[in-house]
């Protein structure tokens with residue numbers, strides 16, 4: 001089955017989800033999605049769409065379709081990708097509002113948005129997989145059996161979109177994320193880390209920084225080895241603080 005064609009994020013968010021036709025999306029396919037309104041890529045897979053690609057999901061309800069990339073092949077598929085980087089075409093050194101709402105395009109580099117991630121993990125239990133690739137074409141991954149964003153908060157934003165991960169499984173990458181569990185998300189304009197300085201500014205990114213990081217997957221796209229300290233796309237337990245990765249994907253699937 002073919003995936004829905006990608007559209008710019010703002011266009012999709014401003015388009016009525018059950019319009020008879022949207023440019024780039026066949027009317028019958030859109031109608032089918034309007035009727036069933038998938039929450040995530042698990043739902044899309046169950047509906048018979050089992051090819052990698054961009055689809056619409058509805059984490060906040062029927063009136064707001066959100067484009068997302070679904071990985072339908074890795075380890076059985078059904079993965080909802082919330083972070084994807086592979087060529088440095090999109091700047092990830094952004095402020096709080098961008099990280100809250102999401103940015104980029106689902107058919108390219110993008111961030112799904114903290115609010116969408118919170119709503120997903122509020123409604124279902126998820127596992128997390130982090131896929132990594134270096135510039136020598138070596139690959140590795142890390143998995144976590146439990147993943148959620150501020151699951152018990154009255155207001156997820158006031159709670160800082162706190163990260164919770166547990167149940168690490170090594171796919172060669174090592175565990176660089178457990179250090180960040182229990183920490184609020186930080187950007188250069190909203191410093192919520194535990195360090196005396198602003199970790200997001202120091203690390204040229206945005207993440208669930210503590211003091212500061214072992215993972216910096218939203219850092220600068222520096223193209224491999226770099227002289228600057230810990231401000232690239234770093235996963236310290238695999239490549240250290242002086243190597244910026246070529247490709248990263250952070251994705252969740254129902255546990």
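Cβ from N, Cα, C; glycine included.
Quantities reported herein were computed from a predicted structural model and do not represent experimental measurements.
Swiss-Prot has this to say about the protein:
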DOMAIN    32-255  domain 'Fibrinogen C-terminal'
CARBOHYD  87  N-linked glycosylation site
CARBOHYD  137  N-linked glycosylation site
SIGNAL    1-21  signal peptide
## Note on the structure
Within 10 angstroms of the C-beta of residue 137 (N-linked glycosylation site), the count of other C-beta atoms across all shown chains comes to 8
### Message
Quick check for the class: what is the C-alpha distance, in angstrom and rounded, between residue 87 (N-linked glycosylation site) and residue 137 (N-linked glycosylation site)?
### Response
14
### Query
How many neighbouring Cβ atoms, not counting its own, are there within 10 Å of the Cβ of residue 87 (N-linked glycosylation site)?
10
